[in-house]
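Presented below is the structure to which this report refers.
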């Protein structure tokens, strides 16, 4: 029986022995390569590069948590402006309001920032639009203007010789000063990025003197701010102010409202409506009916449209 087994092994085909040898050799090589790669990966897992990468992915902005089709105007603004928040010396407040040297407060007091009313009762806001915009960009910007002008006494008019005017430029980001500051007043609508009529209307409402809806003095009755979910160095953007609410109800659908995940630290919501947490907040279509009503009250339109 021993002789028979030996004979069987001796008669095994050469190609079978070669195949077995190669298979075993490849198995050992695979194990060796796996061990080497594992040993290489150990120090990388603890490297500062990986740590910073994970930190950046954790500290993300709305496009990581909100589908593009569900973004409101402020979500889109934060997506474009996020690179500016790490730039030192760029004094953006609440994500898209630029501070002026003449006005350090985030709110407008009295008539300090309103555009003047003409003798005919209308408020004319002169503007120029940078020639760098193409025709579609101009249509988008002018649609944002028309959404305001068509239902209020505020009329955006091309500048002729006026000293105070809006200078609409494609700078970096979407931002505006708060109210009229005098002279050539930049409104930045970066192209591409800010080219949504709702975004244009949002920045134009800042230029008319309006702050974000969740900054209202009565906001705590209507929304909860989840401070623990907000990026540490962005919590100042959620301050509330002693605002003049113009005897209007809190407006969840205002084009000036933050989105649910604004400045989220790790993907959790930062603003929850109450008492119904599922109410949508903000939108991107343009000024809401209450937004329009506020403009008419602030500028004493008295039915003039």
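In case you wondered, yes, glycine gets a Cβ from its N, Cα and C as well.
TrEMBL labels come from automatic prediction, so no person has curated them.
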From the ranges 21-42, 43-64, grab the one TrEMBL calls transmembrane segment.
21-42
Could you check the recorded positions 202, 203 and say which one's CB has the most other CB atoms within 10 Å?
202
Which of the listed binding-site residues (206, 212) has the least company, meaning the fewest other Cβ atoms within 10 Å of its Cβ?
206
With a radius of 8 angstroms around the mean position of the C-beta atoms of 202, 206, 212, what other residues of the same chain does the Zn(2+) site pick up?
73, 74, 94, 96, 97, 176, 203, 205, 210, 211, 255, 256
For residue 203 (active site), which of the three DSSP-derived states applies: helix, strand, or coil?
helix
